[in-house]
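Straight from Swiss-Prot, the features:
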type	residues	note
BINDING	Gly173, Gly175, Lys176, Thr177	ATP binding site
REGION	1-90	region 'Domain I, interacts with DnaA modulators'
REGION	90-126	region 'Domain II'
REGION	127-345	region 'Domain III, AAA+ region'
REGION	346-464	region 'Domain IV, binds dsDNA'
Amino acid sequence: MNNDNTEVLENYPQDGLQSNSHIIWKGIQSRLHKFYGNAIYDSWLSVLLYVSTESGKVLLSAPTRFIKEWILVHYLDQILKYWQDEDQSICSVDICVVSNQDPNLLVDIKDRVDRGIKGNCDNVSSPLDPRFTFDNFVVGKPNELAFAAARRVAESNSPISGSNPLFLYGGVGLGKTHLMHAIAWYIIKSCSKRKIAYLSAEKFMYQYVTALRSKDIMLFKEQFRSVDILMVDDVQFISGKDSTQEEFFHTFNALIDQNKQLVISADRSPSDLDGVEERIKSRLGWGLVADINETTFELRLGILQLKVEKMGINIPNKVLEFLAKNIKSNIRELEGALNKVVAHSSLVGCSITLDTASDILSDLLRANHKSVTLECIQKKVAEFFNIKVSDMYSTRRLRTLARPRQIAMYLSKKLTQKSLPEIGKSFGGRDHATVIHAVKQIEKLMDTDSKLRDDINLLNRMLR
């Protein structure tokens with residue numbers, strides 16, 4: 001039986017290994033590599049495999065549905081163009097998702113992308129995401145320790161004193177899984193003989209229960225205790241599951257005794273894992289505990305810039321800044337917002353601007369909506385122009401202070417229900433006439449000063 005992410009190839013005719021179409025495809029791959037560069041080709045296009053050609057229709061395969069859909073949106077037109085350059089009878093190119101267990105496959109996809117697991121660990125490991133590598137991980141203050149520790153584990157041929165286990169913890173979507181996949185990919189690509197097993201704690205529990213029911217518990221133990229590196233994601237899942245905790249405890253001890261490396265992740269520190277036995281929490285804290293903190297604006301912007309670069313598309317930096325300042329919950333949601341904007345632009349055929357991004361993400365932004373207060377406006381404007389909040393109340397008339405103050409008054413008038421006297425009072429006891437003057441001054445300048453207009457539009461979106 002195939003899973004939901006697999007499309008069966010039985011109905012597709014497949015060419016012989018040495019067919020002319022295979023030769024054409026190799027040439028097209030070279031052209032795609034040259035056209036898009038290493039980053040995009042390695043991340044997306046290198047995993048495409050040629051399947052068949054029939055009645056002017058070319059069929060390629062991708063290892064996952066996500067990769068298939070991304071290529072269909074962003075790169076299919078260029079692939080079709082190159083095919084038609086070689087064969088004018090080609091009218092379309094389609095992509096299917098294949099199973100790494102299908103006997104008709106022309107290459108072993110397991111060794112390419114979909115599995116990425118070595119040795120006899122295939123039955124216990126989960127697939128690795130080809131996007132999750134060290135090169136694709138943006139490092140900043142919130143995650144630099146976790147990144148350095150993960151990289152060190154990957155580069156070392158044996159467990160490092162003080163880093164076994166490596167315990168990564170942080171909120172949802174902050175990069176824990178990315179780093180665990182990156183460790184595995186680094187080892188795989190370095191042609192190391194080390195055996196790796198990566199899986200979630202939920203899958204560990206499921207396989208343990210299955211082994212108990214089928215009376216294969218010794219095989220289960222052998223599989224997990226024969227690895228060189230065991231990586232268990234979201235270990236908080238075993239909370240309250242006594243028998244699973246018992247087996248995890250013994251597996252942990254067995255691997256440590258054999259001088260094998262463990263990498264564990266959770267959404268909280270070992271000491272905060274409620275429902276997990278004290279002896280397990282103690283062992284999880286034996287090595288290096290590295291937290292991944294909430295992202296900063298600079299880190300979020302860097303993540304977006306790297307993602308856009310790998311997509312091979314141009315998006316105005318103001319749009320990226322808008323996303324980075326408004327989508328703060330986690331990296332997964334941030335990247336999802338960018339994907340939504342890019343997909344909408346590609347499908348509808350519109351350019352990406354602040355207005356279109358705001359419209360496309362209106363639901364997401366509304367979900368994060370907070371009531372706008374005068375204090376919030378003053379703080380945001382001060383932060384935007386790199387001045388002190390106290391400058392909003394001061395009597396200093398320096399242009400670098402007066403203009404942001406006027407902008408804050410303008411936004412206060414537009415975004416709140418406060419009266420002019422109330423607004424004036426919040427800006428150091430100024431009267432309503434001062435507020436009216438500020439509003440009119442900003443409105444006048446916005447007609448002629450495009451940069452000021454853009455800044456105010458961006459602030460407007462950030463505050464809503």
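Residue 1 is the first one shown; counting continues down the chain.
Cβ atoms are placed via backbone N, Cα and C, with glycine included.
In this view, the densest Cβ surroundings among the binding-site residues Gly173, Gly175 belong to Gly175, judged by other Cβ atoms lying within 10 Å.
Its Cβ placed at the centre, Lys176 (ATP binding site) has 26 other Cβ atoms within 10 Å. Under 8 Å, Cβ to Cβ, and six or more positions away along its own chain, Thr177 (ATP binding site) finds Phe132, Asp233, Ser265.
Mean pLDDT of the predicted structure over the region 'Domain I, interacts with DnaA modulators' (1-90): 78.
When the region 'Domain IV, binds dsDNA' (346-464) is classified with DSSP, helix, strand and coil residues number 86 helix, 0 strand, 33 coil.
A helical conformation is recorded for Thr177 (ATP binding site) in the three-state DSSP classification. Surrounding the centroid of the Cβ atoms of Gly173, Gly175, Lys176, Thr177, where the record places ATP, the chain contributes additional residues within 8 Å, namely Gly170, Val172, Leu174, His178, Leu179, Ser265, Ile292, Ile331, Arg332.
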